[in-house]
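What TrEMBL says about this protein:
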ACT_SITE  H115  active site, pros-phosphohistidine intermediate
BINDING   K9, F57, R85, T91, R102, N112  ATP binding site
DOMAIN    1-137  domain 'Nucleoside diphosphate kinase-like'
Amino acid sequence: MERTYIMIKPDGVQRGLIGEIIKRFEAKGFKLVAMKLTAPGKEHLEKHYEDLKDKKFFPGLIAYMTSGPVCAMVWEGKGAVKEGRKMLGATMPSESAMGTIRGDFCIEVGRNICHGSDAVESANAEIALWFPEGVCDWESASQPWVYE
Ligand code: RTP
């Protein structure tokens, strides 16, 4: 089953949105297989956002991402990467549809609450970076009620 890396950024944590975001992923039918509240520091975040290192906003992004703890999670389910991105909404909150997490809860791109992997390959790399200890393989009783 496909897995995606979803992270609630420092603003989402400080604003008390962890429960709301978890609620949406659970209600959708995805399965939480790893989660931790962590503040890993600059080097780790620079690695996570390595592909953006030449962007003008990179230093600000790293400062934002290291300003407090993040909630790192792995969610599992059919099409988890693409569906997860849909649930987060567009990167720019002004373009995120209402009903999405960013559309409902934020205003600025530099405080856009959450991160979601953009492809299966990046999801696998991000899961390995954030959860080198591995994830929990557990059986969910609701699976036959989610998948036909
Ligand atoms: P993320 O990785 O956080 O899920 O975001 P994303 O794929 O939707 O967007 P990406 O282009 O990878 O940008 C990563 C994060 O950098 C911040 N950003 N700031 N000031 C700006 O113009 C700007 N553009 C991007 C956002 O926090 C964005 O989520």
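A Cβ is built for glycine as well, from the same backbone N, Cα and C atoms used for every other residue.
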Review point. Using a Cβ-Cβ cut-off under 8 angstroms and a sequence gap of six or more, which residues of the chain neighbour K9 (ATP binding site)?
Key: Y64, M65, V70, R111, N112, I113, C114, H115
Exercise for review: Please determine which of the recorded positions listed here (R85, H115) has the lowest count of neighbouring CB atoms within 10 Å.
Suggested key: R85
**Study point:** Site diameter for ATP, Å, by largest Cα distance between K9, F57, R85, T91, R102, N112
**Key:** 21
Practice item. Please spell out the DSSP helix, strand and coil residue counts for the domain 'Nucleoside diphosphate kinase-like' (1-137). Key: 65 helix, 26 strand, 46 coil
Practice item. Check the recorded positions T91, R102, N112, H115 for any whose Cβ is under 6 angstroms from an atom of ligand 1, and report them in sequence order. Key: T91, N112, H115
Point to revise | Cβ-Cβ distance under 8 Å to F57 (ATP binding site), same chain, at least six residues away | key: G110
